[in-house]
Amino acid sequence: MLSAREQFFNSDGGTASIGLGIEVGDSSTSTAGRGVYNATTEPMTNARSWRNGQTNTSTTATPAATATSTPISAQVAAVKQTPLEPVEEGEEEVHVDMDALSNLPSRDPVDIEFKELSLTVKLGFNRGEKEILHNVCGKFPGSQLIAIMGPSGAGKSTLLDALSGFKTTGVVGSILLNGRRRDLPSFRRLSCYITQDDRLQPLLTVSENMHIAADLKLGENVSYEEKETRIEDILLLLGLYDHDQTLTMRLSGGQKKRLSIAMELINNPTVMFLDEPTTGLDSSSCTKVLELLKRLTSQGRTIICTIHQPTAKLFQIFDQVYVLSAGNCVYQGGTQKLVPFLQSVELPCPMYHNPADYIIELACGEYGFDKIDTLKSATENGSCLTWFNNPGAVLRSEALMRKYPIPKRTKNVSLENTSFRNQCSVLLRRGYIKARRDTTMTHMRIIVNIMVAVLYGAMYDHAGREGSRVLDNYNLLFAILMHHSMTTMMLTVLTFPIEMTILIKEHFNRWYSLKAFYFAMTVIDLPITLLSSFIFSVIIYLWSYQPMEWVRFWMFFAISLLIVFVGQSFGLIIGAWFDVVNGTFLAPVLTIPMMMFAGFGVTLKDLPSYLKWGSHISHLRYGLEGFIGAIYGLNRGVLECNEAPYCHYRYPKKFLEEITMSGDQFWKDLIALCAITFLLRLGAYIVLKAKIKSIR
Ligand SMILES: Nc1ncnc2c1ncn2[C@@H]1O[C@H](COP(=O)(O)OP(=O)(O)OP(=O)(O)O)[C@@H](O)[C@H]1O
C-alpha cells in the first residue's frame with residue numbers, strides 16, 4: 001500500500017486524492033486547489049494519527065471528516081502537557097526527576113546572532129574551493145530550543161560547526177554573542193558540542209564516565225560531595241540514575257545520547273550544540289531526548305540542534321526553526337509560525353501535511369527551484385525576524401550587551417578548567433580502568449606475546465648456543481624484531497583512530513589539553529608494554545638457549561623494548577593521520593624499506609652507495625645490530641658444535657665478519673633507537689596537533 005506521501009507524488013498531473021480526505025491539484029509545482037492550512041489553522045502536531053491509519057478514506061475534504069478527528073488544538077495541548085511519552089509495551093521506563101533540574105544553577109541567556117556568514121572549504125590540491133554556506137544570517141535567542149533543519153547536504157552540520165567554533169577555517173562573516181563579537185576562547189568556556197555519533201568510553205560505567213567528566217571539568221576546588229550531588233542530579237534528570245553501574249557499551253542508543261548530554265551538563269554550559277541528537281533513535285527516545293533538551297532551556301540555556309526531518313510531534317517541541325537549502329536560509333522563525341509564513345509566500349502547507357516535511361520538500365526543490373528563491377527572499381536569507389514567536393520581545397544588540405554581558409577573556413589562562421597535573425592524573429585513572437577491562441588491548445597483547453614466543457622457541461630450540469645453527473639464530477633475531485615492530489604498530493594503527501574521535505570531541509569541549517592526553521596515553525601503556533615484552537624475552541631467550549649471562553639478557557631486552565616503542569610511535573603517526581583502512585595498508589608498506597635497509601637480506605656493506613642513507617634511518621638495522629652485539633659481541637667464546645660434524649660459524653668473530661657487523665656497536669645502536677623513538681614520539685604529537693587543526 002502506498003504511503004500518503006507516495007500517493008501524493010504519484011498523482012498524474014490532474015486532481016488526485018491522497019487518501020486523507022483531501023483533494024490535491026497538480027502535484028509537481030503548485031499547491032493551488034489542495035486542502036491547505038490557513039494562517040489561523042493550527043498545524044498538525046501528531047503525525048502518527050494519520051500515519052497509523054487513523055485516516056478517513058473518503059476522497060474529498062469534508063467538514064465531517066475533520067470533525068471526527070481529534071481537534072488539532074487538543075493534540076497540541078496534549079503534547080505540551082505530557083512531560084514524557086507514556087512508556088509503550090516492552091520499552092524501558094525512564095524515571096526522570098524534575099526536581100533535580102532546580103539544583104542546576106540557572107544561566108544568563110546567550111543570544112547568538114550571525115551576519116553574512118559564509119563557509120568555504122578547500123577541495124584539495126588543484127581542485128579549488130567550494131562555498132557551503134552563502135552569506136546566511138540568523139538570530140538564535142537565548143533560552144530556546146532551536147532546530148537547524150534542511151535536506152541532506154544543505155549545510156546543517158556546517159552551520160553548527162561554524163557557530164560553535166568547531167570549524168574556523170574558511171569562515172567569513174560575523175558571529176555575535178549578546179551583541180558582542182564572538183571571542184572564541186570565551187565562547188568555548190560557555191558552550192559545548194555534542195557530536196552525532198556517541199563518542200563515549202565503552203568500557204567505563206555510566207557512573208565512572210560521569211566522575212571522570214566531573215574531575216576533568218570541575219577540578220580539584222570542587223569537593224567530592226559537591227561533585228557527587230551534581231552527578232546524581234544530572235543522572236536523575238536524564239533518567240540514567242538506575243543505570244549508573246551499567247557499562248556504556250551496554251546502553252541503548254537513547255541512553256548513550258542522554259549520557260553524552262549528561263557528561264557535558266556537568267559544568268553547566270550556557271549554549272549547547274547537538275549534531276543530530278535524534279538520529280538512530282526510535283520515535284519514543286527522540287521525544288524523550290528533545291523534551292529533556294527543552295527542559296534544559298528553561299534555565300537560560302540556548303540549545304541548538306541539527307535535525308533531518310522531524311515528525312510533526314517532534315517539530316512541535318522546538319521553539320524556533322532555521323531551515324537551510326543548499327547553504328541558504330529558507331525559513332527562520334517560530335515553529336508555530338511556519339504555516340502562516342508559508343501562506344504569506346503563497347506556498348500554503350497542504351492540509352494534514354506535516355509542515356516540517358513540507359518545508360523540507362520545498363527546500364529540496366521538489367516543487368520547483370523557483371520556490372527556493374521565493375523562500376530565500378522572503379526570509380532575506382535569515383535577516384528577517386518577522387516570523388519569530390515574539391518578534392517584539394527579541395532584544396536589540398545594544399540592549400543585550402548591557403543586560404547580559406558575556407564574561408571577558410582573562411589573558412594567559414588555559415582553556416581547560418583544571419591543572420595539567422589534574423588532567424594527567426584523571427586521564428591515567430581512566431586509562432587504568434580501560435586497560436583492566438580491555439581484553440583486546442591488554443589480555444591479547446600478553447597472550448599473543450606468549451604464543452609467538454612459544455612458537456619461535458619451538459622452532460629455534462637450542463639455536464642460540466649451537467655453532468651449526470648460527471644462521472638460524474640470526475633469522476630468529478630478525479623474526480623477533482619483526483614481531484615487536486609489527487604487532488605494536490598494527491595494534492596502534494587499528495585502535496588509535498577510535499581513540500582519536502573521542503579525543504577530538506573531549507579536547508574541543510576543553511576537558512583536557514593535547515599535552516595531557518599525550519602524556520597520559522604514553523605513560524598508561526608503559527606497564528603493559530614492559531610486561532608483555534619482558535615475558536616474551538624471557539621465554540624466547542631461555543627456550544632458544546641464548547648465552548646465560550645477565551648482561552646479555554638485559555641488552556637483548558633493552559633492544560626489544562626500544563623496537564616496541566619505535567613500532568608504537570610509528571603506528572601513532574599513521575593512526576593519527578590516516579583512517580583504519582589507509583593506515584592498515586600504509587603501515588606494512590612503510591616497514592618494507594626499513595627491512596631492506598636493516599642489513600638482513602643484503603649486508604650493509606653491499607648496499608648501493610646511493611641507498612646507504614637508508615640504513616641510517618632504519619630502526620630495524622639498529623635493532624638487528626644491537627641484538628647481534630648482545631648475543632655475539634662482548635668477545636663471546638667458541639660455540640658448541642653438537643648437532644653437526646662441521647660448524648662453519650663456531651667462532652662468532654667469523655660470523656660477525658661475514659655479516660659485516662663488528663659486534664661492539666651496542667651503545668651506538670641503543671642511542672640511535674632512543675633518538676628515533678624520541679623523534680617519532682615528537683612527530684606523532686605534531687601530527688596529532690596538525691590533524692586536529694586540519695579538521696577545524
Ligand atoms: N570538507 C569538505 N569538503 C568538501 N565538501 C564538503 C566538506 N564538508 C562539507 N562538504 C559538503 O558541504 C555540504 C554540506 O555538508 P553538511 O555536512 O553540512 O550537510 P548536512 O546538511 O549536515 O547533511 P546531512 O544531513 O546529510 O548530514 C555537503 O554537500 C558536503 O558534501
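Quick reminder: no glycine exception, Cβ is built from N, Cα and C everywhere.
The feature region 'Disordered' is assigned by TrEMBL to 1-69.
If you look up TrEMBL, you'll see 26-56 marked as compositional bias 'Polar residues'.
Taken from TrEMBL, the feature compositional bias 'Low complexity' applies to 57-69.
The domain 'ABC transporter' annotation in TrEMBL covers 112-351.
Look at TrEMBL and you will find 446-464 (among others) tagged as transmembrane segment. Counting residues 6+ beyond its ends, the transmembrane segment (446-464) has Cβ neighbours under 8 Å at 472-473, 475-476, 479-480, 483, 487, 528, 531-533, 535-536, 539-547, 631, 643 in the same chain.
According to TrEMBL, the feature transmembrane segment maps to 476-496 (among others). For the transmembrane segment (476-496), the residues of the chain that approach it from at least six positions outside its boundaries are 440-441, 445, 448-449, 452, 456, 459-460, 463-464, 529, 533, 536, 540, 544, 560, 563-564, 566-568, 570-572, 574-576, 578, 580, 583-584, 587-588, 591, 595, 598, 600, 619-620, 623-624, 627-628, 631, judged by C-beta separation under 8 angstroms.
Packing against the transmembrane segment (517-543) from elsewhere in the chain are residues 423-424, 427-428, 431-432, 435, 441-442, 445-446, 449-450, 452-454, 456-458, 460-461, 464, 476, 480, 483-484, 488, 499, 503, 507, 553, 556-557, 560-561, 564-565, 568, 681, 685, 688: each is 6 or more residues past its ends and has a CB under 8 Å from a CB in it. Taken from TrEMBL, the feature transmembrane segment applies to 517-543 (among others).
Here TrEMBL flags 555-578 (among others) as transmembrane segment. Residues 480-481, 484-497, 500, 525, 529-530, 533-534, 536-537, 541, 546, 586-587, 590-591, 619-620, 623, 626-627, 629-631, 666, 669-670, 673-674, 676-677, 680-681, 683-684, 687-688, 691 of the same chain lie 6 or more positions beyond the ends of the transmembrane segment (555-578) yet place their CB under 8 Å from a CB of it.
Look at TrEMBL and you will find 585-604 (among others) tagged as transmembrane segment.
Sequence-distant contacts of the transmembrane segment (670-688) (same chain, six or more residues past either end, CB-CB distance under 8 Å): 500, 514, 518, 522, 558-559, 562-563, 565-566, 569-570, 572-573, 576-577, 617, 619, 622-623, 626. Annotation comment: TrEMBL describes 670-688 (among others) as transmembrane segment.
Among residues of the same chain six or more beyond the transmembrane segment (585-604), those with a C-beta under 8 A of the stretch's C-beta atoms are 478, 481-482, 485-486, 489-490, 493, 570-571, 574, 578, 611, 614-615, 617-621, 623-625, 659-661.
For the domain 'ABC transporter' (112-351), the model gives a mean pLDDT of 88.
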